[in-house]
Amino acid sequence: MNIFRLAGDMTHLASVLVLLLKIHTIKSCAGVSLKTQELYALVFATRYLDIFTDFISVYNTVMKLIFLGSSFSIVWYIRRHKIVRRSYDKEQDTFRHYFLVLPCLLLALLIHEKFTVKELLWTFSIYLEAVAILPQLVLLQRTRNIDNLTGQYVFLLGAYRSLYILNWIYRYFTERHFVHWITWIAGLVQTLLYADFFYYYFESWKNNVKLQLPA
Amino acid sequence: KQQPQIHDEL
């Protein structure tokens, strides 16, 4: 465990907890894309199957449980909670996320490390995580203004993946056998997707103006 | 012998 990875996990944890806190406290999910939250729940459900078969560490298991619990809670709040669901912007959150799931499934069947069910689902989750933020970014573009908690959520998610890239570089140089091309390329694509959001996020933060994303 | 790489990251 290196500092980049720990910082990455903590940032990732913060992103989901910030979002869950927002939704729970102000009983609103305005600006939040349910599609992205459902995709993340699917990412965790297909990636953390090994929680029952391989024990890596207490930290690993606890974090997986927290991510599973928080992502499914967020989906439940937006779908089922009688107050929160009213603030869900169904008309604007129209990204057809099945168009993301199917290509990731096919790609996992084509490019993977081992042809086992667990490994295929794990690879699927890696590809899906890379594109899961798209419905949220599209929603932010449409709603123009974004309130700072949603902005923070996307920012923290981008920061977590950037820290993971530093972690992979660190591990590549310290553990020779550590080579995971699939994870590295998908992680890089994911971080690049955030790049333009980052640009506008820093611009607005620097000029101390409300974040405006260009249409 | 290189053991199959388990995915130890989140």
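Quick reminder: no glycine exception, Cβ is built from N, Cα and C everywhere.
Since the structure is predicted, the reported quantities are computational estimates derived from the model, not experimental observations.
Marked as signal peptide by TrEMBL: A:1-31.
Taken from TrEMBL, the feature transmembrane segment covers A:55-78 (among others).
What TrEMBL records for A:98-115 (among others) is transmembrane segment.
Cβ atoms under 8 Å from those of the transmembrane segment (A:121-140) belong to residues 31-33, 35-36, 39-40, 42-44, 46-47, 49-50, 89, 92-93, 95, 97, 100-101, 103-105, 107-108, 111-113, 146, 150, 154, 157, 182-183, 186-187, 189-190, 193-194, 197, 213 of the same chain, restricted to positions at least 6 beyond its ends. Annotated transmembrane segment per TrEMBL: A:121-140 (among others), in sequence order.
Look at TrEMBL and you will find A:152-170 (among others) tagged as transmembrane segment.
Summarising the annotation, TrEMBL assigns transmembrane segment to A:182-202 (among others).
Among the stretches A:55-78, A:98-115, A:152-170, the one making the largest number of Cβ pairs under 8 Å with the transmembrane segment (A:182-202) is A:152-170. With a threshold of 8 Å between CB atoms, the same-chain residues lying at least 6 positions outside the transmembrane segment (A:152-170) that come near it are 2, 4-5, 7-9, 11-12, 14-15, 18-19, 22, 32, 133, 136-137, 140, 178, 180, 183-184, 187-188, 190-191, 194, 197-198, 201.
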